[in-house]
Amino acid sequence: MCTEGAFPHRSACSLPLIHVHTHIHVCVPVLWGSVPWGMKLQCVSLWLLGTILILCSVDNHGLRRCLISTDMHHIEESFQEIKRAIQAKDTFPNVTILSTLETLQIIKPLDVCCVTKNLLEFYVDRVFKDHQEPNPKILRKVSSIANSFLYMQKTLRQCQEQRQCHCRQEATNATRVIHDNYDQLEVRAAAIKSLGELDVFLAWINKNHEVTSSA
């Protein structure tokens, strides 16, 4: 509340009480106008710096808030035990589905969560279901990896339901390329090829996600 004699510009504060709201709006500009130019610049600079820090904090939080809680080391070990046997069945060594790293390397940080969720669905809904494995030992390892993927898939689905895992067009396009590559091969051959390239996806997860152990 302004009182007579409280500010250098007395005429700006000598309004009737009934106009108190107008009076406040008049006094604030008058006070700001009396602040030295150097102090104004300092205040604006501090305000801009604070805004940038807040935006950066929100952005980093948005990229890291969907954590994958699982034992990635166990998944990688399981795959390494069957990798040679799986890749030996690959009859199209010169064809690739996702080991052309360009498809995954161009993914922007904002799209990592969505692409990971989509690729988990790709493996769970297509690759693991299409793969027919007569060897019980290999089948057990593949089933173990599939269960781990289901767990990660559930975590990222919850993030999406909480609107923390946004799917932009770029993420959808990248996923479609992988599905198109898969569709170019016969189903069984495509499943073998995708399983043989699983280490590419696992390496990408380790590179782009903050993974915590569920053990």
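Even glycines carry a Cβ here, placed using N, Cα and C.
If you look up TrEMBL, you'll see Cys66-Cys159 (among others) marked as disulfide bond. Packing around Cys66 (disulfide bond) is summarised by its Cβ count: 21 other Cβ atoms lie within 10 angstroms of its Cβ, all protein chains included.
Per TrEMBL, the feature disulfide bond maps to Cys113-Cys165 (among others).
As annotated by TrEMBL, disulfide bond applies to Cys114-Cys167 (among others). Long-range Cβ neighbours of Cys167 (disulfide bond) (same chain, at least 6 residues apart, Cβ-Cβ under 8 Å): Asp111, Cys114, Lys117, Asn118, Gln160.
In this view, the densest Cβ surroundings among the disulfide-bonded residues Cys113, Cys159 belong to Cys113, judged by other Cβ atoms lying within 10 Å. For Cys165 (disulfide bond), applying a Cβ distance below 8 Å and a minimum sequence separation of six or more within one chain yields Cys66, Cys113, Cys114, Lys117, Leu156, Cys159.
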